[in-house]
Amino acid sequence: MISKKRALAMIDIIANMFPDAECELKHNNAFELTIAVLLSAQCTDNLVNRVTQSLFKKYKTPEDYLGVSDEELQNDIRSIGLYRNKAKNIKKLCRSLIDQFDGQIPQTHQELESLAGVGHKTANVVMSVAFGEPSLAVDTHVERVSKRLGINRWKDNVRQVEDRLCAIIPRERWTKSHHQLIFFGRYHCLAKKPKCEMCPLLEDCREGQKRYKTSLKEE
Ligand code: SF4
């Protein structure tokens, strides 16, 4: 693994590339954000936004979701992967909100993670984006980027990636860095075709060097 100092210098370069990075899931409040993040598991934000555009017009409260049949809700989110399971979790989540939290999204990690379909990453996103608590959620992009750059080892699990990034990045930058690392992974260091040839981190990136040298040999 590279040193913390070197890792932070790389993260600073990424921050300069995407200074305005922010949550791309469209929402108007913490409830809608929670539903959107739940729907986004193994699915692109673009597709979730297309679905929630009409979903959030039809369903405004937990009661609205509980007022329709399972089949109707499934139908409304059918274009999203794992829609049956996600519809089931949305209904369970809404039931818990009404029974335990006065119909509101709770504002602690522990309470959030007690909700159906809400894991550690989703709770981190909701706490940071909806409630302004510094948090560094690790999704597939953050994990890939961190490992490619040598900030983490390939064998590290998601929690180890989060811990290492939080140890390197100042707390007040966690939320912004989360979005910047996602943008970097989504638009530059792509899973299948990273843009190594035009990457400002190429010189320091072992993965990039490997890929770049291979591509030169193939030319
Ligand atoms: Fe990603 Fe390539 Fe840049 Fe490394 S050099 S960070 S693999 S785009």
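In case you wondered, yes, glycine gets a Cβ from its N, Cα and C as well.
All annotation found in TrEMBL is predicted automatically rather than curated by experts.
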**Prompt:** For the [4Fe-4S] cluster site that TrEMBL gives with CYS189, CYS196, CYS199, which of CYS166, CYS205 also belongs there?
**Reply:** CYS205
**Prompt:** Which of the three DSSP states, helix, strand or coil, fits CYS205 ([4Fe-4S] cluster binding site)?
**Reply:** coil
**Request:** Tell me the residue counts in helix, strand and coil for the domain 'HhH-GPD' (39-187), as DSSP assigns them.
**Result:** 98 helix, 0 strand, 51 coil
**Message:** At a 10 A cut-off on CB-CB distances, which of the binding-site residues CYS189, CYS199 has the highest count?
**Reply:** CYS189
